[in-house]
């Protein structure tokens, strides 16, 4: 059986292949829901709960799966600015000390927190107290009833681990033909679906314990349209191409076919109805907002260099862990050439459904 790392961080540092310099696709998506996030806080957040303890007038914000780079700082700054705007708008007198903000940046233990805090904007250090919170968001990372606003964007497709049967040679769910769940093999899809239900359920249960009554959890990310396999999306096509490039490396003796057959990504894109059903089954939250939206870059043809760099920043660590350091450069060099030879037909590819969801703790 293969051994995968317990965490799958984005590529760290600030070099040319780092997530910092290759996360503009995510940034555009986050910016696209910025106004929705502000509206949700202005309309749904009840600041009265902050005044229940006059000795600790603190609003605690957490960005779950923060990674590194400017995206997380932009998100939390928007939340803080909106809360301040709400207080001014309501024009209420709050008892006790002035409101202070604490921001917890959560990601897996081997996330590059050093780079994260080194690149934090200087002005924000006067706006809020920063804390790094290493740990899997599939479980609790904070004390009970300590969180007021939680946020996560484009993270929930990451699983806590690869489904066990997917990498078991004796299992009918062995994902030997692909390196992802592209919904083309029923047994594989079922194994991933079960793992996702468990992990997403764990995420929601953990947030229910951490959030105060009336606290908000803001989610954004991607799902598949019902009835559409991931293999028909451009993202699915690219990952299948990466699998083909790995097989080319096996033919050259750079890696082995057996290693490839025992490698599968710990990611799963649920169908939109499946995702909604998982949320609605949790009785700890009221669903305040549930919208299906499009990604601002859905109708823009992305360059091959952009695609290669984006996927390298996302997958570098896990591929290096499984196949070794010497494989990564050659793999993504071959991906770039394959994309040049077989360009993605964005008009024919199916598009993800992007979601924006606001949950309120009962």
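Yeah, the Cβs are placed from backbone N, Cα and C, and that goes for glycine too.
Keep in mind that what you see is a predicted model, and the values were worked out from it rather than measured.
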Residue among 175, 182, 183, 354 sharing the Mg(2+) site, where Swiss-Prot lists 261, 263 as binders: 175
Annotated companion of 66, 71, 107, 136, 137 at the S-adenosyl-L-homocysteine site, Swiss-Prot, chosen from 19, 192, 268: 19
Whole-number Å value of the largest CA-CA distance among 19, 66, 71, 107, 136, 137, listed as S-adenosyl-L-homocysteine-binding: 20
Candidate nearest residue 107 (S-adenosyl-L-homocysteine binding site) in space, where candidates are the binding-site residues 175, 261, 263 and distance is Cα-Cα: 263
Site of maximum Cβ density within 10 Å, from binding-site residues 71, 136, 175: 175
DSSP state at residue 107 (S-adenosyl-L-homocysteine binding site), helix/strand/coil: strand
CB within-chain contacts under 8 A for residue 261 (Mg(2+) binding site), separation at least 6: 174, 175, 176
Residue pair residue 137 (S-adenosyl-L-homocysteine binding site), residue 263 (Mg(2+) binding site) - Cα distance, angstrom, rounded: 23
